[in-house]
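To keep things clear, I will list the structure first and then write my remarks on it.
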């Protein structure tokens, strides 16, 4: 049987996955999908050590994402002074937010890049604008050049998260996929904290802000070079008809005894989808047979942003200053809360499951926002109000990192069928960036017009809406292979 399998692998090495389905029907009863004898060899989980190095290299992109989100926060005053736009709040806001425009553009193209070039090459393509943009930002001598550098960095930031979510999901064994998916959020937290600490000398060393940008080229180069040593996604190789390569990568990631079962599941899925076209259009994502899972994914990302997480990050410095806590120390408290929640999520993800973590997370966030609302009461003593405000901020960040932060990026690649996975992730991340942009744009104006009590009440309401949405629409994927999840979804009307 193994000899026959190698023969068929080499025969179909250069063919499309649509072309070998008749052959699999013939072999179905003779070996590839046989149950009892082969399944006895698969009773143990594959070693998590095989896939771990590949996942760690991929999460460098998430580290860079977090780093570039926070790299201008501390040095912004020095940047504006050196480049001649000190006191111009519009220019300062553009330096912070222009990368969001680049990120939106990058996320739009991420699906096509990941499907067209493969997951490994997509990471390398993502590293190019991150390196070039950081270099341009570091050597800039005018606002225009700085904005160009930030925009280039943004395109890399937009490409990275969807590809990282795809890759980690596709190369991880089912029993640790949740844990490995949490590495993305942890790496983002570490990137944010690294940007904070590296920016500390900026007020004492002239031109240090340039070093802050240049240092980020080191992990970006490591990402590009490290991907030469990493495995390609077996699912992507299978879609390209590169069967022998897919088997070889499964062996690297899971071990030789698990290759046959993994390949059999891919073959079964392929037989179930022979009537579907290869090209995935936007209309198919919105109105096709998989439109419901795309709706669930985009709504989860929208609710994640409408919960007020970025507003809390934007306003946290003011909250801590009003409590007499220096902004640097306050940022460290927020970073530690974020990291602690992410580590707890990593431990629990494959134990309690994705859905339960999402529910706990949004319930905790709603309660934390209620604390913020309570802090605005005129009946509370000033000190008690400050304690509620600071405590509410930290609890909100902690509970966000428990579920609402890491779970959507892990869950969506799990529930999206392999044929639409990259394009669907690109669409959902585009929704994420659009909502992110408008929350950042309108938050201060809404705070001024509505006041903190009403605004935080709205955020709390969105969190409760998310609880109801998750309870009704999200399925549990803990411990299931991607093929098992897809088969179960295909079976539903």
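Any Cβ shown, glycine's included, is placed from N, Cα and C.
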Checklist outcome for this item: Of 268-289, 356-377, the range TrEMBL tags as transmembrane segment is 356-377
Next on the checklist: As a test: from 122-141, 147-168, 208-230, 356-377, pick the stretch that has the greatest number of Cβ pairs under 8 Å with the transmembrane segment (424-447).
Outcome noted: 147-168
Next on the checklist: Suppose I define contact as three or more CB-CB distances under 8 A, residues 6 or more apart in sequence; do the transmembrane segment (453-470) and the transmembrane segment (293-317) meet it?
Outcome noted: yes
Checklist outcome for this item: Contact set of the transmembrane segment (356-377) with the rest of its chain, CB cutoff 8 A exclusive, min separation 6+ beyond the ends, reads 303, 307-308, 345, 348-349, 385-386, 388-389, 391-393, 395-396, 398-400, 402-405, 407, 411, 451-453, 456-457, 459-460, 463-464, 466-467, 470-471, 474
Next on the checklist: Using a cut-off of under 8 Å between C-beta atoms, tell me which stretch among 180-202, 208-230, 329-349 contacts the transmembrane segment (51-70) the most.
Outcome noted: 180-202
Checklist entry - Between the transmembrane segment (383-412) and the transmembrane segment (208-230), are there three or more C-beta pairs closer than 8 Å, counting only pairs 6 or more apart along the chain? => result no
Checklist entry - Between the stretches 180-202, 208-230, 329-349, which wins on the count of C-beta pairs under 8 angstroms to the transmembrane segment (293-317)? => result 329-349
Item to check | Per-region confidence, the domain 'Major facilitator superfamily (MFS) profile' (54-478) (mean pLDDT, whole number) | outcome: 88
